[in-house]
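Notes for the one structure printed next.
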Amino acid sequence: MKVVDPDIGTGGSTVITASETRTLRVSTAPHLAPGADPTMIRNFCIIAHIDHGKSTLADRMLGVTGVVEARNMRAQYLDRMDIERERGITIKAQNVRLPWRADDGRDYILHLIDTPGHVDFSYEVSRSLAACEGAVLLVDAAQGIEAQTLANLYLAIENDLTIVPVLNKIDLPAAQPEKYAEEIAAIIGCEPGEVLRVSGKTGQGVPELLNEIVRRVPAPVGDPDGPARAMIFDSVYDIYRGVITYVRVVDGTLTTRDRCLMMSTSASHETLEVGVISPDPHPTGSLSVGEVGYVIPGVKDVRQARVGDTITTTRRPATEMLGGYRDPLPMVYSGLYPIDGSEYPALREALDKLQLNDAALTYEPETSAALGFGFRCGFLGLLHLEIVRERLEREFNLTLISTAPNVVYRVVMEDHSEIIVTNPSDWPGGKIAEVYEPVVEAMLLLPTDFVGAVMELCQGRRGVLKGMDYLSTDRVELKYTLPLGEIIFDFFDALKSRTRGYASLDYEPAGEQLADLVKVDILLQGETVDAFSAIVHREKAYAYGVSMTTKLRELIPRQQFEVPIQAAIGSRIIARENIRAIRKDVLAKCYGGDITRKRKLLEKQKEGKKRMKTIGRVEVPQEAFIAALSTDTGKPAVK
């Protein structure tokens, strides 16, 4: 590994190898001093598609600027969660303060915000963009522009950020920097020569990138003498100190002596600590215009410090809140139930704490006849659901079942009343006039060889083609309108398998459309099991019924009487499977003898089975629920 020391020599950068055990000669004290000059601050984030090397480039910046010594360095330094490190993805946006002596000889302060790349976590990206003036658009020099790159680029342009285009991984043998530089230039309207080339792995080009950020990204603008205003762009919960909020100061100064005021709730709190992160927390006592840091407001209730809120002071309160952040809307709903019913209060507490770290998670209590007490949770997508469930199980030691995910439907009855359905058990039983389902605008980027296979897949999912653009001779962008319910489960998996892993997908909500949807119930012994009910398109109802009854026949243990498993739409049965009865051999003791004796025993057994069938109840074991409701089909939504 090579690290670049910007202070050594006069004619450019000197390369230091890891074998030379020298530490970089950058003083870390001055950049932590409070009251930095706003003209010397640059706030920027790194946006890219998943796996294009954001976190590796961030690591190299930490090393080059000297805030992390070479001996303490580890890969993906800013990815602190175990899940992030295991899956190799960034889930939480992280921020860090970097000192940098630019090529003009002046010392600057850079605030880097490392953002996630996965489609489910684009709300984390939008929060980060609201705290920045510039964005480094990172593209893998071996893979080129992908769907999420474009989605995040459009987000950055909407926020009026200065774009610094960069090609990463130029050290790879498969890299094609010239080809992809032209692609980027065509999209953002610059010259191919303005696209920087770096390698996050070796450190090549990183000092030049930092100099370019200083040159291109504008300094933050704000009123240093006005009432304090700071936007909360993230928050975490600490069991000892309560809520820790990450803020970007827009006007005025926040100090530890002031009482802070949350503008959306009008609640005031004592400020316990104010500081910056570089990359560990350093208390500074104050934050002024343009600075990014943390404030500990001494709040224990997680709902008191909402992400997107504006912090001001009680001494000189601001009158207007800061804009630039919208609440994320849940796209997918699923029930989360503790396997042990006594863990319900612990699950409530865990969701409360997790919601502080995860502004997009919504939940409300619900009960199920089959699964007991639990919560109906709203998520941004299937990966988001999986990550939340995994964090609940790991960080809070809970054992959970999640029901099959579904989306929000709007049902209009014949008397013109409207019902919002987030759970199949809420589906109305009366006369339904119309049902509306949410749709999304999907953007798919893929090689031209696979256009036919992908169009066939989208049409099979009730998609409507809206547009087709050739980015180059071998890459095409397809725009489709698709029902959200069709893509949340296994669409991503099917897309990857049909394109040998080359396609990428991004989508955003696009309203709703009229649809022919029905509720399919699963009946055991004539009784509905609410946990297995699902809302599906009428054309796919039969397939769902057959697959669910077949699955349950394998999973439910045999009883002493025959158990019918049926799938029904209303009162009409559409599929049926039987679980054969276990039969005791009542003739085992009869050695020969009269046939009437045997017949008498068989008739007696038949009577018993008949009586058992009328009064017997079928208990569905916990394992059968877990297996039948497992979201394994959604797992490939993870990279």
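Positions of Cβ are set from backbone N, Cα and C atoms, glycine also.
What Swiss-Prot records for this protein:
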{"type": "DOMAIN", "residues": "39-221", "note": "domain 'tr-type G'"}
{"type": "BINDING", "residues": "D51, H52, G53, K54, S55, T56, N168, K169, I170, D171", "note": "GTP binding site"}
G53 (GTP binding site): secondary structure state under DSSP, collapsed to three categories: coil
Cβ neighbours of I170 (GTP binding site) where a neighbour is any other Cβ within 10 Å: 21
Which of S55, N168, the listed binding-site residues, has fewest other Cβ atoms within 10 Å: S55
Number of other Cβ atoms within 10 Å of the Cβ of G53 (GTP binding site) across all protein chains: 24
